[in-house]
């Protein structure tokens with residue numbers, strides 16, 4: 001490591017790759033953390049976890065003005081802009097099936113145990129059934145307002161989506177949904193809207209506007225409840241939803257109807273990114289996409305897809321060729337009914353995750369499959385993720401590393417880390433005693449947080465750095481001696 | 001190098017194999033030590049051991065898992081590397097050892113499974129307390145079982161802590177009590193001292209009075225002595241002096257009886273109350289942790305003084321008269337013994353004792369041997385000791401021939417020769433039914449007749465000898481029959497191994513001495529024939545068994561050959577397996593000794609209950625019962641309605 005630091009100083013290694021290398025090193029040594037412990041206050045399964053570390057550099061530029069605007073709309077006191085920097089990646093929001101949501105400080109421990117060996121992170125506050133506006137039933141999803149931690153949004157099985165003020169722990173706005181809320185999502189890069197997408201038992205996906213307190217959109221197309229919703233990370237108007245009918249739909253919220261339904265039988269081998277050269281090609285590819293957020297990008301999509309689709313195997317069940325040429329020229333409402341019926345998974349889609357660059361989508365289904373989709377072409381990339389078993393009844397929350405190299409997937413009692421591009425199992429994290437529901441990867445600290453039915457939130461972190469350990473050797477003293485070999489004979 | 005390593009590897013796993021392949025509830029210490037030694041030698045061994053142990057934990061047999069758990073505990077408490085390796089798959093380990101997953105319950109022998117579970121829970125707690133801080137997985141597992149599944153942990157540590165706390169509390173309380181006592185002592189010290197002093201003074205006065213009385217005689221006595229005897233040998237002189245001393249001891253008589261009584265009272269008070277109290281206070285003073293040490297020391301000193309003085313006075317009293325020395329407890333003993341003498345010596349003569357005493361006497365009659373008939377009531381030791389020798393001899397003679405009676409109300413009137421009034425009960429209820437002759441008596445003979453004790457014949461206990469014939473499964477037949485064991489024939493004396501000691505003829509001779517020789521001969525003949533028959537039968541059976549065995553062996557051999565050939569054809573590794581099989585087969589052939597194996601633990605034992613149920617619930621019996629019941633119902637019906645057809 002010191003050698004690398006030296007190289008970095010001399011200039012042999014660019015700072016970016018240096019940082020990346022250290023990061024990936026740390027990620028590869030992730031393990032159940034013994035020195036960091038989150039004291040869960042929940043008395044039910046943990047359904048959702050999120051650390052408020054959304055704000056990447058481009059968003060941060062926008063933040064000052066944005067925040068002031070939103071806050072004045074809400075009638076809340078403004079936060080000082082500097083506070084946002086402080087709170088970044090610091091507060092963990094968790095939701096549990098006992099109707100509670102809690103916030104933990106993952107940076108500063110509340111207390112230490114065992115002579116400073118174990119840091120216990122206790123919750124800062126909890127909102128549960130005792131709260132006057134608390135959820136009555138299981139909270140299925142809790143997310144931070146993407147700009148700062150002044151607000152958070154919870155969706156629950158009691159049909160409500162609540163927007164909470166973090167400082168006063170009061171409900172600011174609430175939305176009554178037609179059924180149980182499975183998942184809520186807000187766009188991390190939105191600059192012109194602040195919509196909460198809510199997937200519910202109902203077939204329609206609703207977009208709730210915090211500013212006005214009303215539904216702005218009702219997106220219909222799914223034939224069953226919507227398990228997961230996920231905003232694109234490259235376009236603020238694109239929303240992906242996965243339903244119990246096994247379909248994954250893409251919506252452009254500026255126009256009616258969905259513009260893309262992922263079809264598991266449409267696959268492409270050629271477009272699968274090469275294993276190692278990915279990072280460079282991705283960077284170039286994502287930029288134009290991000291820059292040109294207009295409809296003509298989407299017009300291009302069908303053209304590409306037809307070329308790709310022809311190169312791959314033809315599926316017997318859907319006679320696609322005539323429809324494709326006809327259907328995709330029509331931008332509105334978009335699709336023939338037969339294509340509209342395509343499915344991405346057998347069974348329900350229970351988890352969606354878009355890569356950080358917004359080009360690929362990972363989806364988990366109740367058929368225990370994990371699939372990687374090329375969003376641009378809408379094709380299955382046929383990456384074969386090793387066999388796993390997923391729980392089928394609840395939506396699960398996937399996590400992906402910043403550079404899209406690893407995906408963390410809750411597989412029953414364990415969490416598996418797959419290599420996104422090869423599908424190989426990288427690691428299996430065992431520690432929970434019941435099914436894991438959610439995981440969250442904090443790319444800032446390279447830590448993984450997982451929540452499970454056994455009511456625990458576990459922290460998986462790289463081992464402490466050398467120099468910190470040396471520091472603590474003095475403090476530990478007699479503690480370290482107790483964990484030594486002790487052969488009597 | 002590699003070779004030796006591999007050898008070592010096999011060694012660990014084979015050691016573990018051997019250790020876990022047993023039905024004992026413990027690991028053999030020798031094996032355990034060997035495992036520890038091997039594992040300690042290198043890290044790779046340890047890794048292999050972890051693997052092997054986890055494999056063993058997955059076995060579908062609770063006994064194997066239990067023994068594995070014991071080994072795991074041993075290594076877990078010792079090796080850090082072992083801990084860190086085991087902890088990785090800790091949830092699996094817990095589910096295999098505790099069986100908390102509903103879809104993965106613990107395997108077969110139920111008793112062992114429950115033992116396994118309790119042990120695993122105990123170990124988990126132990127590990128958690130000693131290493132939990134270093135291993136998050138341990139804490140997690142413990143927390144999950146405790147908080148989510150609500151398992152009951154033995155809470156050893158807490159128990160110990162609680163016991164400690166209790167002890168501390170008790171100590172504190174006793175200290176407090178002591179302190180309180182100390183405070184009261186500080187208040188009452190003077191009064192106690194005064195009380196003791198007054199008693200001592202009184203005793204002193206009593207003694208003084210006695211002395212003065214004595215003084216009246218002594219000079220006269222001594223003068224008299226001096227006059228008569230002028231000179232004597234020194235020995236005689238000594239005896240005389242002693243007797244003089246003895247004489248000096250004041251004898252109680254009618255004159256000084258009051259003084260003696262008072263003295264006795266005071267002595268009793270002194271011994272039973274003051275001395276005890278003083279001792280008590282002294283112990284309190286020694287134990288108490290008072291702040292005022294000066295007072296404590298001074299009072300302690302004083303108490304010691306008082307005690308010494310009391311002892312002095314006591315000895316003085318005792319020197320004065322032997323009557324004072326009798327402590328209370330001996331008093332009671334003497335009372336009883338005296339009564340017994342009365343009873344036994346006087347036989348049937350009148351001794352109207354209270355029934356409670358009777359009870360004691362009759363029950364302790366046979367036990368008491370040394371009798372010191374000292375009469376306390378008169379408290380003159382001399383009178384009783386006179387007849388000591390004579391009574392004992394007479395008494396022992398009488399004791400020998402005295403009948404033993406059960407206690408009963410008739411003993412109230414033992415040896416009473418009086419007539420009894422028949423209608424004298426104190427209540428005049430009988431008057432309602434006419435005139436009552438209140439003078440009617442029951443003659444003594446009649447009473448005696450009524451009181452005649454029935455004696456029951458008591459059979460002398462006969463010790464029935466066990467059969468002691470050797471059993472097939474080892475050991476001797478413990479059946480106790482009077483003459484004939486239903487399984488092993490007549491009961492005959494046998495040597496420790498169960499072989500019959502050939503005593504038959506001599507025994508029979510003694511028995512059948514009067515019976516004719518012919519009879520004996522016939523018996524012998526029959527016996528011989530029987531024996532031969534039995535032998536023949538045995539021989540035939542053995543032959544049959546051998547035949548069967550040979551056939552089985554042939555079949556097995558054939559099977560093995562085929563298997564081995566196929567194995568050789570497929571891989572080289574499975575040849576070893578083939579051999580293994582052969583050894584297993586070999587084991588099977590002489591496995592008739594019924595050594596308890598792991599498989600036998602899984603087999604269900606056939607108990608008498610099972611046999612009975614099998615018999616009772618068999619179809620034939622059930623049919624018969626129903627038929628009988630139906631017939632019974634039919635008969636009843638016909639009886640009830642005889643005119644109907």
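Each residue, glycine too, has its Cβ placed from N, Cα and C.
Where the annotation comes from TrEMBL, it is an automatic prediction and has not been curated.
Annotated in TrEMBL:
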type     : residues  : note
COMPBIAS : A:305-318 : compositional bias 'Polar residues'
COMPBIAS : A:478-489 : compositional bias 'Polar residues'
REGION   : A:271-339 : region 'Disordered'
REGION   : A:467-489 : region 'Disordered'
REPEAT   : A:132-174 : repeat 'WD'
REPEAT   : A:219-254 : repeat 'WD'
REPEAT   : A:342-383 : repeat 'WD'
REPEAT   : A:429-461 : repeat 'WD'
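Proximity of distant same-chain residues to the repeat 'WD' (A:219-254), defined by a Cβ-Cβ separation under 8 Å and at least 6 residues beyond the stretch ends, is recorded for 179-180, 182-193, 195, 197-207, 260-262, 286, 289-290, 293, 295, 298, 340-359, 361, 363, 365, 373, 375, 378, 395. Broken down by DSSP into helix, strand and coil, the repeat 'WD' (A:429-461) contains 0 helix, 20 strand, 13 coil. Per DSSP, the secondary structure of the repeat 'WD' (A:342-383) breaks down as 0 helix, 19 strand, 23 coil.
As a summary of secondary structure, the repeat 'WD' (A:219-254) carries 0 helix, 18 strand, 18 coil according to DSSP. Here the repeat 'WD' (A:429-461) returns a mean pLDDT of 88 for the predicted model.
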